[in-house]
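**Q** Pulled the feature table from TrEMBL, pasting it below:
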BINDING   Leu125, Gly129, His130, Leu131, Glu249  (6S)-5,6,7,8-tetrahydrofolate binding site
DOMAIN    13-381  domain 'Serine hydroxymethyltransferase-like'
MOD_RES   Lys234  N6-(pyridoxal phosphate)lysine
SITE      His233  site 'Plays an important role in substrate specificity'
Amino acid sequence: MSVVPALEADVLRRQDPELADVLLGEAARQATELQLVAAENFTSPAVLAALGSPLANKYAEGYPGARHHGGCEIVDVAERLAVERARRLFGVEHANVQPHSGSSAVLAAYAALLRPGDTVLALGLPYGGHLTHGSPANFSGRWFDFVGYGVDAETGLMDHDQVRTLARSHRPKAIVCGSISYPRHIDHAFFREVADEVGAYLIADAAHPIGLVAGGAAPSPVPYADVVCATTHKVLRGPRGGMILCGAELAERVDRAVFPFTQGGAQMHTIAAKAVAFGEAATPAYAAYAHQVVANARVLADRLAAEGLVVTTGGTDTHLITADPAPLGCDGRTARGRLAAAGMVLDCCALPHADARGLRLGTAAVTTQGMGGEEMELIAVLLAKVLRGAVDAAGARAAVRELTGRFPPYPG
Ligand SMILES: Cc1ncc(COP(=O)(O)O)c(C=O)c1O
């Protein structure tokens, strides 16, 4: 029996029009609004094809060549390809491509290196730490003793003096460097030095910049960190999921921490899609994309600042910008609502210098659509007009539609 008809959208429409409408509606929303959420991107049709493939049917607990299920010979090839491609892409001895998400990768990294009750030093949540970096609402805050470092209130830059002081006084078992909103490169050599001084493991949570690292547009944490955790769905443009990179000496501990300690069966369709994305990320076209993502973010940050927003750290090294819209008359939450009504989709975030929320936006998705510096200028000007009330929601939506219409995420 051919599997091809099952991959065609009209099969879903015939069988379940209600859900087909949901898929169509979301595709239209993504194509006609501006996707400025820093953690999102548009995967390639090839990645989507792998995700929607019969590999979704396969149970495959364990690792290639050592599975707890029969019939894994073919999906083993997919996982071996994903692992090999990740190893080559990031120049690392070992890659585990099974984590279901970035959070699962961090959980497994802690499981590999720590015991409950251990002290961990990480960027505090009010400064851009992730939930898995010690939130009381998350397993990390419940099971470990997190100490938070911060950023300088004026510059927004990580406070290295504080990191060193806290490391010396708390002697953590691990130090985590990584953030959901830090727009600058992280100084991995500094964190390695502090970790060595106090005998701590260094865990780099590179969920955000890993796609830039893949394209040579950001420095790699691999030479410095004992374990690198990452997502595959942000700038990297793969399927939703996670991965862990480490040296050969921690490989077995990391693998056991993923399966069987924190996860069950690997999701083979997602792993196949990760392999496709890693293959794409190894191309010169992807490297050009990654550099363009950063170039676009710089233009966007500069223009937002020129429009009056306070851009944290005064700019960006990455795909990500955080900014305070207060000078334009609204806080981050109000701004996000107004912008959503205008068809500009982004997030709120904490700000280093204020209690009010700010805005977090990124250029990964719009760059995949083919937009460049000129379009970044347009976006910044429109965003500021919306916040100032110089254009109404309908007018802004029309401008967004005109722009997105010229840059469809899935042309043809
Ligand atoms: C630094 C960091 N770590 C972990 C994660 C978690 O990833 P996921 O949402 O896939 O669990 C994120 C997600 O944005 C992140 O930014």
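Just so it is clear, glycine is given a Cβ too, placed from its N, Cα and C backbone atoms.
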**Q** Could you check which of the binding-site residues Leu125, Gly129, His130, Leu131 have their CB within less than 6 A of ligand 1?
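**A** His130, by Cβ distance under 6 Å.
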**Q** In this structure, which of the binding-site residues Leu125, Leu131 has the fewest other Cβ atoms within 10 Å of its Cβ?
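**A** Lowest Cβ count within 10 Å among the binding-site residues (Leu125, Leu131) is Leu131.
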**Q** What whole-number Å value do you get for the CA-CA distance of His233 (site 'Plays an important role in substrate specificity') and His130 ((6S)-5,6,7,8-tetrahydrofolate binding site)?
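**A** Cα to Cα, His233 (site 'Plays an important role in substrate specificity') and His130 ((6S)-5,6,7,8-tetrahydrofolate binding site) are separated by 16 Å.
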**Q** Hey, what's the Cβ neighbour count for Lys234 (N6-(pyridoxal phosphate)lysine) at 10 Å?
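**A** Result for Lys234 (N6-(pyridoxal phosphate)lysine): 27 other Cβ atoms within 10 Å.
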**Q** Looking at the binding-site residues listed here (Leu125, Gly129, Glu249), whose Cα lies nearest to that of Lys234 (N6-(pyridoxal phosphate)lysine)?
**A** Gly129
**Q** So for His130 ((6S)-5,6,7,8-tetrahydrofolate binding site), how many other CB atoms are inside 10 Å of its CB?
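**A** I count 24 other Cβ atoms within 10 Å of it.
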**Q** Show which residues of the chain containing Glu249 ((6S)-5,6,7,8-tetrahydrofolate binding site), separated from it by at least 6 in sequence, have their CB under 8 Å from its CB.
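**A** The answer is none.
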**Q** Can you tell me the three-state DSSP label for Lys234 (N6-(pyridoxal phosphate)lysine)?
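**A** SS state of Lys234 (N6-(pyridoxal phosphate)lysine) = coil.
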**Q** If I restrict to non-local contacts, at least six residues apart, and a C-beta distance under 8 angstroms, what lies near Gly129 ((6S)-5,6,7,8-tetrahydrofolate binding site) in its own chain?
**A** Ala122, Leu123, Ser135, Gly148, Val176, Ser179, Ile180
